[in-house]
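Annotated in TrEMBL:
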type: BINDING; residues: ALA15, ALA16, GLY17, LYS18, SER19, HIS20, ARG122, ARG158; note: ATP binding site
type: BINDING; residues: SER19; note: Mg(2+) binding site
type: BINDING; residues: ASP37, ARG60, GLY85, ARG140; note: substrate binding site
Amino acid sequence: MTVPALPVVLIGPMAAGKSHVAHHLAQHYGLPHVDTDRVIESRYGPIPRLFRARGEAEFRRIEAEIVAELLDDPDTAGCVISLGGGAPMSPLVQPLLAGRTVAYLEVDLDTVRPRIKGNTTRPMLQPDPEARWSQIMAERRETFERLATIRLDGAAPRTVAQIARELYLALGEPIAQPRGKEHTA
């Protein structure tokens, strides 16, 4: 098994399934997976509360600081890293991704609708999750595409294992033997 150029960074819109695909990829290669949202929550508490208390600009600054830390730290340089949906929009984060293996998980509203419908925990999606997701995606799509070195089709009904297989091939692994239960991204 060929280990990909590390770190592998997954980007895409919120609710795309980046964390699930990153976890699957990390398991396949026997690598750690680091989710920037989980790191933020471990240090600052729940993201919705952080958003309310400090605002989006401060949240994005914290997020960029954590991305830089993860990409520069030798202990996490050999990881699969999933970024929050808005992280790649930051002018502080974009240069950090240059020259890295960046996989963009492309999804559509039909794929994310079941994950976001009625969601009240994602501050950026309020007050109408579906309309806001569509608007945000339209604003961000070009940046995701520009930053990506690999583009993955994450549209339903593809499973995490199917998407991960596509990523294995893109990373140069000829035969992927996925492990574990198949979940939709």
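Each Cβ is built from the backbone N, Cα and C atoms, and glycine gets one as well.
Quantities reported herein were computed from a predicted structural model and do not represent experimental measurements.
Overlay of TrEMBL feature records on the structure.
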residue : record                 : CB count, 10 Å
ALA16   : ATP binding site       : 28
LYS18   : ATP binding site       : 29
SER19   : ATP binding site       : 19
HIS20   : ATP binding site       : 21
ASP37   : substrate binding site : 18
ARG60   : substrate binding site : 18
GLY85   : substrate binding site : 21
ARG122  : ATP binding site       : 18
ARG140  : substrate binding site : 18
ARG158  : ATP binding site       : 19
Task = In whole Å, could you give the widest CA to CA gap in the ATP site formed by ALA15, ALA16, GLY17, LYS18, SER19, HIS20, ARG122, ARG158?
result = 24
Remark   = Fewest neighbouring Cβ atoms within 10 Å among the binding-site residues ALA15, GLY17 goes to ALA15
Query = Could you tell me the C-alpha distance between ARG60 (substrate binding site) and ARG122 (ATP binding site) in angstrom, no decimals?
reply = 15
Remark   = Spatial neighbours of ALA16 (ATP binding site) among the binding-site residues ASP37, GLY85, ARG140, using Cα within 10 Å, are GLY85
Query = Taking Cα atoms as reference points, which of the binding-site residues ASP37, GLY85, ARG140 is nearest to LYS18 (ATP binding site)?
reply = GLY85
Note = Rounded to a whole number of Å, the separation of the Cα atoms of SER19 (ATP binding site) and ASP37 (substrate binding site) comes to 9
